[in-house]
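Contents: one structure, followed by commentary.
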Amino acid sequence: MDIAVVWFRNDLRTIDHQPLRRAIASGLPVVGVYVFDPEMMRETEYGFKKMEKFRAAFIRESVEDLRSELEELDIPLLVRTGDPAEVFGTLNEQYFIKCFYMHEEIGSEEQTAERRVREVLQAKVSIDHGHNLYDPEDLPFDSYSVPDTFSQFRKRIEKNDVLMRPPLSKPSAAAKSVEVDEGEIPSLSALGFDELDGPLRFRGGMSEGLKRVAHYFFETDQLRVYKETRNGMLKEDDSSKLSPWLAHGCLSPRMVMDEVRRYEDERVKNDSTYWLYFELLWRDYFHLVHRRYGDDLFAASGLRDRTPPWDRDETLESAWMNGKTGYPLVDAAMRELKATGFMSNRARQNVASFLTKNLGLDWRIGAAWFESLLIDYDVSSNYGNWLYQAGVGNDAIQFRAFNVVKQARDYDPKGDYLRTWLPELRRVPGARIFAPYEMNYEGQQAAGVVIGRHYPAPVVDLFASVERNKARFLDVMK
Ligand SMILES: Cc1cc2nc3c(=O)[nH]c(=O)nc-3n(C[C@H](O)[C@H](O)[C@H](O)COP(=O)(O)OP(=O)(O)OC[C@H]3O[C@@H](n4cnc5c(N)ncnc54)[C@H](O)[C@@H]3O)c2cc1C
């Protein structure tokens, strides 16, 4: 029997899904497919997994949600664990895959998998863009030549009033249905992960993503003040927290923008509503940087032609990863990441700066650790942001370090975030929390924490380390 197949990857939704609409329009019976590829979960050269349980759990839930969404359209979702080329090869022997639909992925690993799948099929293949605000063909420049800085990019977009296509509505049911062995959605342990210790911080799936939009925009009216609260590190509504759903395509950025526009019509249009657009534009920008530079995104030298003298030091790497550097902001953030699979943007910038500017370590281990743990991992956003923080992006050569003590004072003035994630420092009074190593012994005793025993002494000097790494960096890069 001839069938049309939609391969779902980072597009786990039914709204604003062109491939799905095309498949339905083909008139053939439609089968959706999701493959848990062991390649996505393998161990990296650094000794930890490419994907940890948080993201795996989010994807599982998203696939469950997708299955029930597709059921309403009379479309089965076949779920398998294995090599995609083998999965599709087998399916093609049972049925004949006449038409094959998917969204474009720009990562090289995704493209390699795709090429191998296409080799085993004789299908007519159709690929759409669906991950961004703007389609490549609508840009006022060649989509492989994005401008060198975000600000040039933004100006080009805004000046040219580039078309943002409205999101596509949910399609109507397929005309013909087909019986397939859909397969169980594998449990976390079947996928080789430990079970979660508690509920996942964000629930996967398009329906949950839509709920989050409704909550943040209309129910709590938080969008109104987003620009003022977005740098907060602790509270769930400080920022939109839409990244997990955007990263896995449970929501498309156009679906989000459609709701921003509705909010602007019905409630208020202000700097905050613009700022959410501005952040989504950053996301588009990093996707375009990835398109332009390809695998350079993963190189030690990044987008530069010289490589800064990155160090490798297992003791320091482990202190950073496990939140034991002696600097409370870095430690709180790294422990939050390890316990929940999430970290705010402000904290991400700080820990990335600390790894590369204070510790002088290879940024790639930091990016790989984020890749492993982040629920919202998105290849272009993760590696793109890391390159910028490491000073090897395509902007001007510079060595900009965050002062992680000052940043904590500015963005967590009462130390609530620090105390939440660092129980051993809970009794440290007032502003002492920002630099507990400055307390004398009596102070430490009174606070119930001896530095070097209950909480680590700083692994490097805050200022001397930056000076040393700056000199080394500029020596090579200038
Ligand atoms: C070192 C580092 C690594 C990062 N890795 C990722 C990643 O793997 N995946 C990811 O989605 N974001 C990544 N970011 C960007 C940013 O930290 C997160 O998107 C943001 O914290 C998610 O929270 P939010 O949805 O509440 O953001 P909001 O402030 O509410 O922003 C709204 C949306 O805009 C987009 N966005 C915001 N800031 C950025 C940015 N700097 N770059 C790209 N998109 C942005 C996200 O889709 C986000 O959901 C990284 C940032 C840094 C500094």
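Cβ from N, Cα, C; glycine included.
Look at TrEMBL and you will find Tyr226, 239-243, 279-286, 376-378 tagged as FAD binding site. Cβ contacts within 10 Å of Tyr285 (FAD binding site), excluding its own Cβ and spanning all protein chains shown: 22. Taken residue by residue with DSSP, Tyr285 (FAD binding site) is part of a helix.
In the predicted structure, the domain 'Photolyase/cryptochrome alpha/beta' (2-133) carries a mean pLDDT of 98. Annotated domain 'Photolyase/cryptochrome alpha/beta' per TrEMBL: 2-133, in sequence order.
Sequence-distant neighbours of Trp310 (site 'Electron transfer via tryptophanyl radical'): residues of the same chain at least 6 apart with a C-beta under 8 Å from its C-beta are Ala300, Thr356, Gly360, Leu361, Asp362, Trp363, Arg364. Look at TrEMBL and you will find Trp310 (among others) tagged as site 'Electron transfer via tryptophanyl radical'.
As annotated by TrEMBL, site 'Electron transfer via tryptophanyl radical' applies to Trp363 (among others). In the structure as shown, the Cβ atom of Trp363 (site 'Electron transfer via tryptophanyl radical') sits within 10 Å of 21 other Cβ atoms.
If you look up TrEMBL, you'll see Trp386 (among others) marked as site 'Electron transfer via tryptophanyl radical'. Other Cβ atoms within 10 Å of the Cβ of Trp386 (site 'Electron transfer via tryptophanyl radical') number 25 in total over all chains.
Secondary structure counts, DSSP: the domain 'Photolyase/cryptochrome alpha/beta' (2-133) has 55 helix, 33 strand, 44 coil. Closeness to ligand 1 is met by Glu279, these being the recorded positions among Tyr226, Glu279, Tyr285, Trp310, Trp363 whose Cβ falls under 6 Å from the molecule. On a Cα basis, Trp386 (site 'Electron transfer via tryptophanyl radical') lies 13 Å away from Trp282 (FAD binding site). Around the Cβ of Tyr226 (FAD binding site), the same chain contributes Ser239, Ser240, Ser272, Thr273, Trp275, Leu276, each under 8 angstroms and 6 or more positions distant in sequence. In this structure, Trp282 is the one among the binding-site residues Trp282, Tyr377 with the smallest number of other Cβ atoms inside 10 Å of its Cβ. In this structure the C-alpha atoms belonging to Lys241 (FAD binding site) and Trp386 (site 'Electron transfer via tryptophanyl radical') are separated by 20 Å. In three-state terms derived from DSSP, Lys241 (FAD binding site) belongs to neither a helical nor a strand segment and is classed as coil.
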